[in-house]
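Contents: one structure, followed by commentary.
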Amino acid sequence: MKKRISRLSFSYFSVTCLLAFYFAVVLNLPIYKELEHIFSQMETVKLGFIISIPIFFWAALNLIFTLFSWPYLTKPFFSILLILSALVSYAGFNYGTIFDTNMITNIMQTDSGEASAYLSVYSVVWLLVLGVLPAIGLMSVPIKAQSWLKLIGLKLVSILISVLVIVAIAGLYFQDYASVGRNNSYLKHVIIPTQFVGATVKYVKQTYFNTPIVYKNIGLDAHQSSQALSQAKDKPTLLVLVVGETARSQNYQLNGYSRPTNPYTDKLDVVSFQDVRSCGTATAVSLPCMFSILTHDNYDHDVAVNQDNVIDILKRAGIGMVWEDDDGGDKTVADHIARQMMNRHRVDATCDGDTCYDMVLLENFDENVAKLSGNRMIALHLIGSHGPTYYKRYPPEMAVFQPDCPRADIENCTEEQILNSYDNTIRYTDYVLSQLIERLSQLEDKYNTALIYLSDHGESLGEGGIFLHGAPYAIAPDYQTTVPLIVWLSPEFQAVKQIDYDCLKQVAKRKKTHSHDNLFHSLLGIMDVTTQVYQPKLDIFSRCRVAN
């Protein structure tokens, strides 16, 4: 038996064909899942068209793989590709994840704590069975040595067979492919491995091979109004900006959700904006964008991180600031001010050695306020509702909605469990916000206090078979792009800033009006910072300033 195995060997021609078959039939399970959903919505689908799809994928992949299957390259190249493709296949099949350039950017900026949240027995088994074991098999099997003439000749035959198959299928079912592709253009981003390889190449090109952009200072004329500077001597402004994580507006009681997810702030005099759009569907995009002067429509990541953002301009104007982070970092937006990362490796009632509940951000709150001078702003970056380990975002006593999903592989939980876990995270964030407002209320004798809460992006909880976030913006569901924006202004803050609170509550009800584009100018406006780059029409407070 051992002798038979030792005599077993393959040609590059057969190895390429088998690899193309494995990728087309097994690793592309995510696209078949998508096609099943698409076909279920169609009145009629030709059986021959359905059967031709894996054959078409095999022919196309065989054509591509033939170009890369050379001596000394085949085994290492395709072994790595098998393992990476298995990971992508897992994410695509179980979460509906699409790996475009923004997703690759998000992955490259993910820290070990965030990455570990995706580990589960199910994901490890998937990776081992579909990726590691096939890669080991490929590395172990002997491949026959062939003359270059024969090798090239067989490659030409392989390419010819692939082209003939593709042409034959196109001749029979071109209209079917055109119709499905035209109506579901996102499918091209689901094909493995072309989708993530192409996105990775584009990311590498943009990150490492583009001409470096010279850093640009903007708002060089920024300064606080004389009234703001005068007020700071007696009673400074204290604004707390809370940056949420993965919170979607649809699950907010304040915005009409049927469940009591905001029992704490609902009792407070807060203003909740009903229809706010995010700039991106992942933190790596949304966070730099929301603090940039660029809008969603003209956003360019390289430009955004190479010019001053609103935090830089506020600092230039003399606003004292600190950034506290309980999430995966500030994505360069707070590069030029003091930053504090929470120590998630400690083990106590607030942290488990891997992650911390967001109440940890209040531990040094009073100390940080006192350290700053003049008018000041404290930015708090929550871990909020970051999945898939939703159950780790709230303490056991805050698990009000039951049964929840106490595991990372949420695809193996029921819809009810996933929703309960997610709603518990929203409810806990609401508790954190209420505690911050209570702390600010206690400081009203020293400061004019206010709080703004805005999430970076939303989340999918299985609607349409899509989980988590990071979908290409053009096809992303509203669940990933509609975010909560909550404002609380103390009575004296309202008076000093001459803001009509009732007016603000009416403004908050407007639909299709507000987005991340508003944050840059709203912060400048509320902190009374004057500069030529400030645009009042994008300031959510400007139309409710009594002086206006």
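Using the three backbone atoms N, Cα and C, a Cβ is placed for every residue, glycine included.
Unlike curated entries, TrEMBL annotations are predicted automatically.
In TrEMBL this protein carries:
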- 12-32: transmembrane segment (TRANSMEM)
- 47-70: transmembrane segment (TRANSMEM)
- 58-208: domain 'Phosphoethanolamine transferase N-terminal' (DOMAIN)
- 77-99: transmembrane segment (TRANSMEM)
- 119-141: transmembrane segment (TRANSMEM)
- 153-174: transmembrane segment (TRANSMEM)
- 239-529: domain 'Sulfatase N-terminal' (DOMAIN)
Excluding the flanking five residues on each side, which residues at least 6 beyond the ends of the transmembrane segment (153-174) place their CB within less than 8 Å of a CB in that stretch? 11-13, 16-17, 46, 48-49, 52, 55-56, 58-60, 62-63, 66, 69, 146
Two-stretch contact, the transmembrane segment (119-141) and the transmembrane segment (12-32), at least three Cβ pairs under 8 Å: yes
Please compute the mean pLDDT of the model over the domain 'Sulfatase N-terminal' (239-529). 96
